[in-house]
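S.K.: Quick one: the structure is below, questions incoming.
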């Protein structure tokens with residue numbers, strides 16, 4: 001119908017087209033200087049205008065239309081590019097969801113009845129997303145929480161997983177309702193300088209997460225080979241394996257999802273086997289799960305449990321993965337149906353991951369809580385401690401731990417590469433092939449990882465210090481993933497009828513504020529203990545001021561902080577200091 005504007009109109013969901021893109025607004029957009037790509041200009045056809053409208057002046061646009069049209073690129077400086085943005089998945093790559101049980105006309109506003117077959121077809125993206133909840137960083141957080149705090153933090157693990165589920169469901173909602181993923185929408189919504197800062201922060205955090213994941217996988221190889229394969233050798237093997245698995249994507253999304261299903265099953269079986277071998281107390285487990293307890297000695301582990309669950313690049317990833325299914329965005333019923341199935345699938349996936357995390361924490365709580373080894377246990381030596389404590393019978397527990405750790409590392413490195421591909425493509429919209437983007441994003445992580453592996457080798461103390469710094473880098477990024485997500489998913493001009501309710505907005509922003517505060521505490525605690533010297537402290541304070549200023553800018557840009565509030569705070573600050 002609007003052949004010359006089909007790419008730009010994708011920015012506005014079908015539910016609000018009648019109010020924002022009617023025939024009377026098109027002349028206004030032309031007067032505003034909307035830039036169309038060369039492809040769209042060649043394919044555009046004259047729009048029929050009623051005879052009585054030829055002499056009419058364009059009507060004045062309403063405030064709602066002005067705000068909606070701000071999402072449309074109006075100049076090269078407003079993100080208009082010479083090439084169309086590449087979708088997360090091509091049409092030929094998407095999985096078709098067939099409607100087999102309904103005969104006759106289908107009401108586009110009615111959600112079809114539940115179907116187990118459809119749930120199976122929609123199953124996949126949520127499980128890929130859930131792998132970030134069980135990467136090597138999470139495993140280290142689990143084992144340290146169990147060894148130092150026992151069963152007392154299981155309740156916090158459960159609530160942190162629920163908070164993560166809420167944020168991931170909002171990420172999926174954004175991707176399904178708009179047909180674009182979070183990185184793409186950040187490129188279209190924010191000014192150039194702001195989106196470049198967001199991209200840089202996302203890349204740095206992705207590299208930090210990737211180093212943890214690759215090192216964890218390399219430790220698994222080192223454990224299984226009895227130290228014959230050095231850490232740097234395991235890094236090289238992990239990198240090559242990752243490319244091999246990504247090659248499966250050319251055979252279809254379902255084949256790649258099947259590989260992840262095998263890896264998740266491997267983790268579940270190995271860690272369940274460890275749980276069965278160690279026989280933790282069921283009573284203490286239920287008590288730790290249902291009764292909140294927190295002491296001053298376990299605050300750092302508590303913060304680590306929450307921080308490990310929320311992975312910034314995973315928020316970007318999930319909004320892209322949900323687009324692997326074909327959804328009719330012209331039908332509200334079909335979009336809502338997809339959201340329902342993705343919610344069910346994501347919930348099941350995170351229940352599985354929570355259960356595995358619970359098993360790992362319980363194993364180390366049973367074996368090492370209150371022992372001398374509790375303070376020194378980590379990924380590199382956990383297998384040896386387990387072997388010394390439990391032996392393992394016919395199949396040593398050392399190997400069970402190594403297999404589970406290797407599966408966690410391999411699966412998380414693949415999803416990390418996936419996320420890097422979408423983040424780079426969405427923020428920069430570079431006219432390069434997906435495989436080349438994957439190679440670039442993978443190389444950005446592998447090169448520093450090999451350097452780290454050679455420098456730190458398998459020194460437990462050195463790896464623990466490295467892990468703390470990597471956790472800091474990931475904590476820094478959390479506001480720059482959550483604030484854009486909540487801003488966009490609350491924007492009615494973008495989401496249409498799928499905008500989250502005011503109540504859900506309050507809940508989501510409260511969760512985000514809690515997570516940002518917790519991670520802020522972790523950052524403060526880390527810098528107080530690690531930063532030494534006046535010069536270094538001055539640099540940290542300067543960077544922190546810029547960091548907080550950018551967070552305030554994002555909140556103000558999204559309408560969360562009104563200008564009057566910022567002016568009031570600024571004036572009070574100036575009066576108190578001058």
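Using N, Cα and C of the backbone, Cβ positions are placed for all residues, glycine too.
Annotations in TrEMBL come from automatic prediction, not curation.
Pasting the relevant annotations from TrEMBL:
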type	residues	note
COMPBIAS	1-10	compositional bias 'Basic and acidic residues'
COMPBIAS	32-44	compositional bias 'Polar residues'
REGION	1-85	region 'Disordered'
TRANSMEM	154-176	transmembrane segment
TRANSMEM	196-223	transmembrane segment
TRANSMEM	229-247	transmembrane segment
TRANSMEM	259-277	transmembrane segment
TRANSMEM	348-369	transmembrane segment
TRANSMEM	390-408	transmembrane segment
TRANSMEM	444-463	transmembrane segment
TRANSMEM	469-486	transmembrane segment
TRANSMEM	507-528	transmembrane segment
TRANSMEM	534-555	transmembrane segment
S.K.: Going along the chain, which residues at least six beyond the ends of the transmembrane segment (390-408) come within the CB cut-off of under 8 Å?
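M.R.: Hits for the transmembrane segment (390-408): 131, 134-136, 138-139, 216-217, 219-221, 223-224, 263-264, 266-267, 270-271, 273-274, 277-278, 367, 379, 382-384.
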S.K.: Take the transmembrane segment (507-528) and find every residue of the same chain, 6 or more past its ends, with a Cβ under 8 Å from one of its Cβ atoms.
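M.R.: Sequence-remote neighbours of the transmembrane segment (507-528) are 163, 166-167, 170, 300, 303-304, 306-307, 310, 468, 471-472, 475-476, 478-479, 482-483, 486, 489, 500, 540, 560.
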S.K.: Please indicate, using numbers and ranges, the residues of the same chain that are 6 or more beyond the transmembrane segment (469-486) and have a C-beta under 8 Å from a C-beta there.
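M.R.: That would be 137, 167, 170-171, 174, 182, 185-186, 189-190, 197-198, 201-202, 204-205, 207-209, 211-212, 304, 307-308, 310-313, 315-316, 319, 505, 508-509, 512, 515-516, 519, 522-523, 526, 547, 550-551, 554-555, 558, 560.
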